[in-house]
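**Student:** Positions annotated as domain 'Major facilitator superfamily (MFS) profile' by TrEMBL: 31-469. Taken from TrEMBL, the feature region 'Disordered' covers 58-79. Taken from TrEMBL, the feature transmembrane segment covers 129-154, 160-177, 189-212, 218-238, 259-277, 297-317, 329-351, 357-375, 387-406, 443-464.
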Amino acid sequence: VPIIPTFLYTTEYEGANSTVSPARPEPAPAALAAPPLSSVLSYFDNTSVPVWGSTSAAELPNGTGSSPPGHPPSTPATPARGCLRGGEFLARENTRVGLLFASKALLQLLVNPCVGLLTNRIGYHIPMFVGFTILFFSTVMFAFSGTYTLLFIARALQGVGSSFSSVAGLGLLASVYRDDAERGSAMGIALGGLALGVLIGAPFGSVMYEFVGKGSPFLVLAFLALLDGALQLCILQPSRISPESAEATPLCTLLRDPYILVAAGALCFSNMGVAMLEPTLPIWMLQTMCSPQWQLGMAFLPASISYLIGTNLFGILANRMGRWLCSMVGMAVVGISLLCVPLATNIYGLIGPNAGLGFAIGMVDSSMMPIMSYLVDLRHSSSYGTVYAIADVALCMGFAIGRAAFLELWGCLTLLRGVLSLFLTLEFAGPSTGGVMVRALGFPWLMVTVGVLNVAYAPLCWLLRSPPAAEEKM
């Protein structure tokens, strides 16, 4: 998440400009009144600072003339505090990064039902090891990929591996821990492992990328994946076929169960906010806060820490206070936190909303995952591969729909920007003002949309308060 936006900017935008700019001729003094970069640089703080090694005065953001007589020409100015140039490129990159991140969720969405059926027939151990193997190769591919296409393929492979690992892992826990309270606690710890990976991953990736290089964090992860594979070989023995003892309920039957659908919807909508934040927050920070590279990963740190605390805490407490109530409160807090994210003006302003978001998603996940297996025990046969395929599909739909909605809304904003720019060109301050206003509206409205959606969905969790058993329904 923190590496891809800056990596694409460095390799594609700066790489292209570095090959073109030396051959650009010195513009005539008459052209200084309307510099070509003024509409781009006005997106940021235009305080002039000197840059060594350049002599052209035509790139001054304020468009002033040449230097006084007897002195060399002024050096061009760059946006203060390390802002990135190329606002139009960053706008296009939003779409490409969103597609890249969404490819994992889309592939995972398609593979999950097949993995659920597979685990019902051969057990959970072999699919978990297959997932490890695919994740290992995708991680190595990330380390050595230098183009957008290869990164896209690696991300898609990651989705396939995650499907095997997630469905098999959750199903294995549900089959081992039959007691509802123990199952909730075990799943809270497992989801805490997910949080720990995100907690370490984003800051670790951004720091390693800035100070060591792009491939370094992925090679370290590949080594850790090998250790995980060795543990699986020793403990899980993934050569044994051990199908479920109970006959699995058909997927279509589970999808017609309204209580399972309500639980899946809570997982989907609560995680949709994170799905939008991943591709948009780093680029929004680059555009509005001029954040350095290391801050792009640190921005997700509060959410990861609070998610780790929330999953472990409510893995135990949710059963006592009622998982339906825990999920309802969590979804409401998710909505409020998303509404507060666009109000931040620096990285410190993101700490509170992101921490609330992570804590609330931890409440929902640690409540809904055990409810899925509880509903299967209560209303269907106790075979868990298929129901956790549905749960993982719900998570993936949250990420896929979130990014698809982001891309759709970004396309609408592009059209709106053109109309607004034309109006402001005629009435007020020129096309750059229209670009600033519409870009400022884009990210906040994404957060408002998903925030309101979570608050509106939260009351439906009340339906999970006391779901009827199959005999009562008959």
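For all residues, glycine too, the Cβ spot is worked out from N, Cα and C.
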**Student:** Most CB pairs under 8 Å with the transmembrane segment (329-351): which of 129-154, 218-238, 357-375, 443-464?
**Tutor:** 443-464
**Student:** Averaged over the domain 'Major facilitator superfamily (MFS) profile' (31-469), what pLDDT does the predicted model reach?
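**Tutor:** The answer is 75, the mean pLDDT of the model over that range.
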**Student:** The transmembrane segment (218-238) vs the transmembrane segment (443-464): three or more C-beta pairs under 8 Å (separation of 6 or more)?
**Tutor:** no
**Student:** Counting only residues 6 or more past its boundaries, what in the same chain has a CB within less than 8 Å of a CB in the transmembrane segment (443-464)?
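**Tutor:** Distant Cβ neighbours of the transmembrane segment (443-464) are 258-259, 262-263, 265-266, 269-270, 272-273, 276, 280, 284, 323-325, 327-329, 331-332, 334-339, 341-342, 371, 402, 405-406, 409.
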**Student:** Of the listed stretches (160-177, 189-212, 297-317, 357-375), which one yields the highest count of Cβ-Cβ distances below 8 Å with the transmembrane segment (259-277)?
**Tutor:** 357-375
**Student:** Short question: which residues 6 or more past the ends of the transmembrane segment (160-177) have a Cβ under 8 Å from it?
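**Tutor:** Long-range Cβ neighbours of the transmembrane segment (160-177): 104, 107-108, 111-112, 115-116, 119, 124-125, 127-128, 130-135, 138, 183, 186-187, 190, 244, 369, 373, 384-385, 388-389, 391-392.
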